[in-house]
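What follows is a single structure, written as structure tokens, with notes after it.
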């Protein structure tokens, strides 16, 4: 079993006096020639095929590489720079494709008719048919990342600017790689620096988030918003005039650096040319032309107003800079996280914990897995919130009418959120096994939760059963009634209604707030446009397509939402059980000594397999996948039916039966991917079949046991020996845990890629 290594380093010195250690570890390229160099066992090389799997399992498990927590933390810190380098290279590739292989200029000139493309297929074996006619004399593969819409919002108007960004991103990647090497080999931070929580919060909140948002606000104000104003005027057919010249095309537009000239910018936003005097005299109304609170969507682009976005980033940046300074660092004032936590007591009636939150600060500060768990849970939740905001409040010009991009980005952010939340459960389990010391948590809230785990899990189990039987039961009832020809006895908007009254109430109070509530600090009533149109608003149309419209809710939504609730609760049940029972259970009291992942509790103990914390993560991944599949199916059909007008509003009556989901969603909408051969979307037909194969391949790992394969290998090795071609590396069947890992990976990749092909072919096929 692996336990996180103990801390090292001096505790008494002030952190800022000596925060780094110089030349702690020389650069040694010889290690790169020896896979598994961190382990004496792995570094000897493979004797059996199990070696390669152990290499993969432990490559990033820094706890097993070193006996020093400081060293492990430095590796994590250094790896962050490597991660940033990969991100910059990825961004550079996107910019380069936009600069070299895309129709960005053509799309920018006519975004309602030209489709975005940034890749052209070479005619090697006849696959050039994948290059569709996307308009503007461009043939290529249509993309759905939303990157063109984002570039337009940034204020990028030509391919030269994209090439400059591509070069800049490569330079940044090189700097990040250098920083990763430098801060591990040349000037590595000490443990005290990593443990200086208040200083970290100060720099992350005020520095990274606050100053980052403020800097982006500066770009939006000086480049993004003026460029958007000029482009919007061109698209609306009423171009602006600058210095007596009509800006009728993109070629007529001023260069980005010219937009910083007060004489030019003053003709677009007079407030921007008014100087800083108004700022220091608090006459901020002078800036209300470029820092707005219009609300709603720009009718030309179907997206949020760029001046509203500028205002948002400015306000958020200021709030974060102020908020980042509320922690006690150098001057003895402000909050101490330890004092805050240690002073919090448990509720004396509902949750008696005599020692309250004592010990939690140390646990969170010292356990990297506990920190990662909380961060993953929060970031995953934020990703899911982002996915919902992107269609309700479209941030980028013309993105709302690019339906494939809207659906793709919703799906993308939902998957990210789900994977991160499962990751939160995984690292919480590792933290409990490796970092949790029961002696330091006697009678605090964490200890009390662990003592109440049986009540928590049994009640959560009851909730899952209740939700599952009732929500699924509604569908079974409806299928039965429809099969028997009794529509009057079904749960539907036209028979026995189950209206989502609470959700409808939330929608109505949003809408009723218009004109009645006053904006803070003013006598102005809340304007209608301050709300998303999905809350009983009005339809916004761009280029003859619906950008956003009110989203009505009815019986069908209540039914599927209770399926969502059921699946979310089961996923949480599995993850929470894996965390609360990570160290011990009635079945295996000494589970902590077995580690985070183990197949069974040794020979002679039947019925103790698949109980490790790792196995709970394994099971939760399946439930997360099932849960999010229904969520993205619901979103796809609901938007096509009730907002975009593509399926004749059939969601309310068809989705209330299981047969309706199979017939009118899966089967009917799969027609595009199944009939894609011979068209430019034929790759999605191939992907649909290939991804099904990958998914089916996973079942081989999930259904059959280790012994079956080992028995088969023995026979195959015997045949090789007979032919005198015996392998030097002895074949070994995958362990139980390895088989499950390979199985769930192929299950998820196959399922996600199948959905990807299904969604893309559907909406690309409809044009």
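For all residues, glycine too, the Cβ spot is worked out from N, Cα and C.
Using a 10 Å Cβ-Cβ cutoff, residue 600 ([4Fe-4S] cluster binding site) registers 16 neighbours. What Swiss-Prot records for 600, 609 is [4Fe-4S] cluster binding site, and it gives sequence analysis as the kind of evidence.
The Cβ of residue 692 (divinylchlorophyll a' binding site) lies under 8 Å from the Cβ of 750, 754, each of which sits 6+ residues away along the same chain. If you look up Swiss-Prot, you'll see 692 marked as divinylchlorophyll a' binding site.
Annotation source Swiss-Prot lists divinyl chlorophyll a binding site at 700, 708. Within 10 Å of the C-beta of residue 708 (divinyl chlorophyll a binding site) we count 11 further C-beta atoms, all protein chains included.
DSSP assigns residue 709 (phylloquinone binding site) to a helical segment in the three-state reduction. Sequence annotations record features per position, and here Swiss-Prot assigns phylloquinone binding site to 709.
Marked as compositional bias 'Basic and acidic residues' by Swiss-Prot: 8-22.
Sequence annotations record features per position, and here Swiss-Prot assigns region 'Disordered' to 1-22.
Here Swiss-Prot flags 76-99 (among others) as transmembrane segment.
Swiss-Prot lists 162-185 (among others) with the feature transmembrane segment, giving sequence analysis as the kind of evidence.
Under 8 Å from some Cβ of the transmembrane segment (201-225) lie the Cβ atoms of residues 153-155, 256, 259-260, 265, 269, 272, 290-291, 306-307, 309-310, 313-314, 316-325, 327, 329, 337, all in the same chain and six or more residues away from its ends. What Swiss-Prot lists as transmembrane segment is 201-225 (among others).
Within the chain carrying the transmembrane segment (309-327), a Cβ under 8 angstroms from the stretch's Cβ atoms is held by residues 153, 197-199, 201-207, 209-217, 220-221, 224-225, 290-293, 334-337, 395, all 6 or more beyond its ends. Residues annotated as transmembrane segment in Swiss-Prot, with sequence analysis given as evidence: 309-327 (among others).
The transmembrane segment annotation in Swiss-Prot covers 368-391 (among others).
The annotation transmembrane segment is assigned in Swiss-Prot to 407-433 (among others) on the grounds of sequence analysis.
Under the heading transmembrane segment, Swiss-Prot lists 455-477 (among others), citing sequence analysis as support.
Through the fold, the transmembrane segment (558-576) approaches residues 421-422, 424-425, 428, 456-457, 460-461, 463-464, 467-468, 470-472, 474-475, 491, 498-500, 503, 616-617, 619-620, 623-624, 626-627, 630-631, 634, 655-656 of its own chain, all at least 6 residues removed from its boundaries and within a Cβ separation under 8 Å. Residues annotated as transmembrane segment in Swiss-Prot, with sequence analysis given as evidence: 558-576 (among others).
Panel annotation: around the transmembrane segment (616-637), residues 407, 410-411, 414-415, 418-419, 421-422, 425-426, 429, 560, 563-564, 567-568, 570-571, 574-575, 577-579, 610, 647, 651, 655, 661, 665, 669, 740-741, 744, 747-748, 751-752, 755, 759, 762 of the same chain, lying at least six beyond its termini, place a Cβ under 8 Å from a Cβ of the stretch. Positions annotated as transmembrane segment by Swiss-Prot, on the basis of sequence analysis: 616-637 (among others).
The transmembrane segment feature in Swiss-Prot is assigned to 681-703 (among others). Long-range contacts of the transmembrane segment (681-703) within its own chain (CB-CB distance under 8 A, at least 6 residues past either end) are made by residues 129-130, 132, 672-674, 734, 739-740, 742-747, 749-754, 756-758, 760-761, 764-765.
The largest share of C-beta pairs under 8 angstroms with the transmembrane segment (162-185) comes from 76-99, of the ranges 76-99, 407-433, 455-477, 741-761.
Take the transmembrane segment (407-433) and the stretches 76-99, 455-477, 741-761: counting Cβ pairs under 8 Å, 741-761 has the most. Every protein chain shown contributes to the tally, and the Cβ of residue 709 (phylloquinone binding site) ends up with 17 other Cβ atoms within 10 Å. All protein chains included, residue 700 (divinyl chlorophyll a binding site) registers 13 other Cβ atoms within 10 Å of its own Cβ. The C-beta environment of residue 609 ([4Fe-4S] cluster binding site), restricted to residues of the same chain at least 6 apart in sequence and closer than 8 Å, consists of 599, 600, 736. Look at residue 700 (divinyl chlorophyll a binding site): DSSP puts it in a helix.
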